[in-house]
């Protein structure tokens, strides 16, 4: 009986590997939780208990993740989920968690650059347009069409939202400026380093 159970479990693991992009540790954690909430091996787990599983797997760590969980859970019919559905839900939540982390990283990069150019860490204050122009032309030597870069912006000062939008609309070269400023700050690198030299430093550091 034990051998039959092990064979069945191995088959389930293989099915999970084939259907989902999960590593062995993730599969082991999911199987452990499944056994905990389905000790009789029925193959089904109550939706109410899936909440506990996802908490144990460190996915329901903030309000956004909890809201996403509730939204996704509604897409599964019935009051119970199969293991494959739990794996599917896990993957959706993991991907969403990564998306939030990426967005947070991008936001922090903009904050770092904003502060370095004169703004405040809480996103208040402003950056002088001329400061941006001077840095781009003299320090980072980016080959950006400044007229196109500045677009329809007419003011002399940029608040945080305007600052972000300006660089978002300006293409990858301009975004690299933001990333470079952020990385330089985190590595205590002098902000006056020229962009071409920074690229060399960045490749060496990677």
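Cβ coordinates come from backbone N, Cα and C, glycine included.
TrEMBL annotations: computationally assigned, not manually curated.
What TrEMBL says about this protein:
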- 25-60: domain 'EF-hand' (DOMAIN)
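DSSP places the residues of the domain 'EF-hand' (25-60) in helix, strand and coil in these numbers: 23 helix, 3 strand, 10 coil. Over the domain 'EF-hand' (25-60) the predicted model carries a mean pLDDT of 92.
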